[in-house]
Amino acid sequence: YVAAVYEHESILSPTPAALVERRSALELMGRNLDIYEQQVLAAARQGAQIIVFPEDGIHGFNFTRSSIYPYLDFVPHSHSGKWNPCREPYLYNDTEVIQRLSCMALKNKIFLVANLGTKQPCEHSDPRCPSDGRYQFNTNVAFAADGALLATYRKHNLYFEYAFDTPPEPDYAFFDTPFAGKFGMFTCFDILFFEPAVNLIRQYSLKQIVYPTAWMNQLPLLSAVEFQQAFATAFNVNILAANIHHPTLGMTGSGIYTPVKSFIYHNMESYGGKLIVAEIPVNTADYKTNLEKTPSRESEKGKEQSPPSFYAEMMYDNFTFVPLWGEKGELQVCANTLCCYLNYQRAVLTEELYALGVFDGLHTVHGTYYVQACALVKCGGLSFSTCGQEVTDATALIDFQLWGNMSTPYIFPLLLTSGVTLDFADHMGWKNNYYFLSKNRTSAGLLTAALYGRWYEKD
């Protein structure tokens, strides 16, 4: 099927904390919706059957609970396809944004997914009802090609979004299409957690995911395109990921991903939005995890001195590292119950320092979640203290086999190359309680090769 995602440079309110009238809120959102309208038309002309827009693309961000209120639409939750806002605009008040999105879908005969802020009045008899008498949700909406509202999803894992409430129960949101079956839906930070993302995919055996996001890139392990691809690979799904475009805030990175191929956009240099249209296979069942024999750990024959281990902070976590010295070698580094192993060979010895790092523990900055990671990274400079820094360029071509005795089945294989581009492993998968990833000769200099494990039960 043909899919489209739009990386949108949203027009933002210069004063998001100021209280404004609904009229001026609609005026600002209308300017973003005008751009959406052009992009839906452009995507439809290229044959797209579905288009996905980013999180916060219509209203922006940095609101307070009260200042976002005029930007919120009313959306009845879980009415599944019974309401067509474009054709029945009179059914509910405060639905101007929903109506415009519905009409875009109808006019262009395209399935459309967008993100907006919504409100839902609640009774004070409801113990969870906020004191102002309403819930405010960060919401995705999906429309059919006839404009019908098919599904809504209220974001569960909020990322410091004080304007919004967490829904009482996780939403498991999906909708059906004639061209690719069921699509599941979740938002941004949700991708790192079991609920609802993993549970949704497993419960409903989903193969297609739509994913609006407003993601701030964090190298070396959590760049948007890097993690989106790893998620598609780990769960054997296709992902249509639309990010916001604000390079000054570190926000870029969208794509259309299959487990073995991707069409991505990552651009920290220029401004303006970007439409990606690509044709991808509906069925991901044919992507077999490629297994080969486990790398052999050579007998400990009179090894040369193994390099020293050292500590350095990476992504706010205290990793234990060992440096890669020389043009080839075998390394091991452990922390808690996790041991990581690497066999490597470099084509040419470059003036670059690489290190193999391990972390097995609770990550606690910008969210709390348990990580088990084995990571081969390029360091920022030549001293150990630079390992774990954000690096975007590299020249070293390295053949490697990386493996670890991970305690969780949820492993995201990361493979990032110079210029924040993606590469794909030759082989990866489980073999005797070890997960491994191997690659002969990356397509460009290696930035990161990692096994990023999420141990959800220990969150």
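Residue numbering: from 1, along the chain as shown.
From the backbone N, Cα and C atoms, a Cβ is placed for every residue, glycine too.
Look at TrEMBL and you will find GLU55 tagged as active site, proton acceptor. As annotated by TrEMBL, active site, proton donor applies to LYS155. The active site, nucleophile annotation in TrEMBL covers CYS188. The feature domain 'CN hydrolase' is assigned by TrEMBL to 15-282.
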Averaged over the domain 'CN hydrolase' (15-282), what pLDDT does the prediction give? 97
Mind giving me a neighbour count for LYS155 (active site, proton donor)? Other Cβ atoms within 10 Å of its Cβ, every protein chain shown. 26
Roughly how many Å lie between the Cα atoms of CYS188 (active site, nucleophile) and LYS155 (active site, proton donor), rounded to a whole value? 8
Same-chain residues at least 6 positions away from GLU55 (active site, proton acceptor) with a Cβ under 8 Å from its Cβ, in sequence order, are ASN115, ASN138, LYS155, THR187, CYS188, PRO212, THR213, ALA214, ILE244
CYS188 (active site, nucleophile) has how many other Cβ neighbours within 10 Å of its own Cβ? 26
